[in-house]
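Chemist: First the structure, which I've put down as structure tokens, then a few questions once you've had a look.
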Amino acid sequence: MKIELIVPGKLSKHLQPAFDYYVEKLNRFAKISVHFVELGGDLNTEDEKTILKKEAEHIKKRLKDRKFILLDLWGKELTSIEYARFLENTINKLSEIVFVIGGPLGIDDSLRENALAKISLSKMTFTHEMCVILFLEQTFRAFKILKNEKYHY
């Protein structure tokens, strides 16, 4: 099983240890890859719509017409157990699962409209970098649930 995450920008150095930790843990269950694509521009010099459209183009280049699941503030909220079941059902339908997280300004509507599904990590607002860590942690937790393994050690 392959899981890919596409996200604009890059990860801050202070989040790298958590990122590495969860990627290593997840590789026990699936081949995980995270691809950071170029941001859409400078908020100080360009308007939000232009930046969102540019980011959408960078994401679409990476997607190459593949189906994807969008992690979005307006998506469906799931418990960890519900997310595990969602992941299991998706694994049974697709050989590869691609997730997309928006950049600092969110996501362009063109991507939102074409998502296979939309999931919310929370109704609270997090930086897109924190969403990467939360996604990795929740996906690791989901696999532990599906394997009936204890999460806490």
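Cβ atoms are placed via backbone N, Cα and C, with glycine included.
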Chemist: According to Swiss-Prot, Leu71, Leu121, Ser122, Lys123, Met124, Thr125, Phe126 bind S-adenosyl-L-methionine; so which of Gly41, Gly102 is the extra one listed there?
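Modeler: The one candidate that Swiss-Prot places in that S-adenosyl-L-methionine site: Gly102.
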Chemist: Among Leu71, Gly102, Leu121, Ser122, Lys123, Met124, Thr125, Phe126, which the record lists as binding S-adenosyl-L-methionine, how far apart in Å are the two most distant Cα atoms?
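Modeler: Spelled out: the longest distance between any two Cα atoms in Leu71, Gly102, Leu121, Ser122, Lys123, Met124, Thr125, Phe126 is 15 Å.
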Chemist: 10 Å Cβ neighbour count around Met124 (S-adenosyl-L-methionine binding site)?
Modeler: 7
Chemist: Taking only same-chain residues 6+ apart in sequence, whose CB is under 8 Å from that of Lys123 (S-adenosyl-L-methionine binding site), what do you get?
Modeler: Leu73, Glu77
Chemist: Residues near the S-adenosyl-L-methionine site, Leu71, Gly102, Leu121, Ser122, Lys123, Met124, Thr125, Phe126 excluded, by Cβ within 8 Å of the Cβ center?
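Modeler: Other same-chain residues with Cβ inside the cutoff are Leu73, Ser120, Cys131, Leu134.
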